[in-house]
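One structure is given below, encoded as structure tokens.
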Amino acid sequence: MYPLVRRLLFLIPPEHAHKLVFAVLRGVAAVAPVCRLLRRLLGPTDPVLASTVFGVRFPAPLGLAAGFDKDGTALSSWGAMGFGYAEIGTVTAHPQPGNPAPRLFRLADDRALLNRMGFNNHGARALAIRLARHRPEIPIGVNIGKTKKTPAGDAVNDYRASARMVGPLASYLVVNVSSPNTPGLRDLQAVESLRPILSAVRAETSTPVLVKIAPDLSDSDLDDIADLAVELDLAGIVATNTTVSRDGLTTPGVDRLGPGGISGPPLAQRAVQVLRRLYDRVGDRLALISVGGIETADDAWERITAGASLLQGYTGFIYGGERWAKDIHEGIARRLHDGGFGSLHEAVGSARRRQPS
């Protein structure tokens, strides 16, 4: 069924298709019996999938990645779609329109996306009001970024303001300094710039705080950020954001689409490399959320055994459809049982722990 729906949706410009899907999801969420039925059909049911990470109970490890539901307008839909949690955003302290359209492109031959959305959102205050009015049944993280018009020198106050507004209402917060679509944002990943931002957000809220990093960092930069996250007692790291690399793409004419971040399978190999390096560096001292190129249960299992406590997807959901999260969760549960693991936590990092020293 979904392959036909996808072919029809792919006839529409990507951002218009996105809005259409959102309208359908909001309609579904508004009808409680339908929402409950979908949750029974698509939601995770095996208790072996549940885990407690940074003090939050997750019914299953695969969540919706930030960027899909930027303003939390479909909060009730994500549990019904089979996700174990959802990350809303990126939101900024002030509303902003993002970059001019067109700004979202399908790379169909690569099952990938290119986006240069630019943090279009209604602002942290609007999201806070929405979160206060409605609490879904799954954990809801919030991804916060810097307002484009805010100068880099005032980034600390900008992130602090967002944390103040949404922190008390989120299951966890993610500090996003890694989108390639806000000028100068990735420069904030340098430790001397990142330290005051993370310290300010940590001081502003008791909610678990994570940092989201780019896949294009050098190994030494990855190590520095991992060490900083441990030093500041962060809850974890989200790895990774989209990549600016165009290596290996097969979709014709991609260079003519202009700048932006690539998500989906072209990112997978680097995302796994980053995850393994981070886990080898920090072990169980931080929770690692792996995102980037996860399409199948095999992909998900590779990330879990490489050190990911939680997973996220966006592009895989677009190409995979409504059963995507369910199929991955069923595959993870099957591998846990077949491998003799008593819990998801036991499997996290198991492949790395077996590596010879």
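Glycine is treated like the rest: Cβ placed from N, Cα and C.
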Of the residues Gly43, Gly261, Gly264, Gly339, only one is listed by Swiss-Prot in the FMN site with Ala66, Gly67, Phe68, Asp69, Lys70, Thr90, Asn143, Asn176, Lys212, Thr240, Gly293, Tyr314, Thr315. Which is it? Gly264
Do me a favour and check the Cα-Cα span between Arg116 (substrate binding site) and Ser179 (active site, nucleophile); whole Å is fine. 9
At the Cα level, what's the spacing in Å between Gly264 (FMN binding site) and Ser179 (active site, nucleophile), rounded? 15
State the Cα to Cα distance, in Å, between Asn241 (substrate binding site) and Ala66 (FMN binding site), rounded to an integer. 9
Residues close to substrate site centre defined by Lys70, Asn115, Arg116, Met117, Gly118, Phe119, Asn176, Asn181, Asn241, Thr242, Cβ within 8 Å: Gly67, Thr90, Gly98, Ser179, Pro180, Thr182, Gly261
Among Lys70, Asn115, Arg116, Met117, Gly118, Phe119, Asn176, Asn181, Asn241, Thr242, the record's substrate binders - longest CA distance, Å: 16
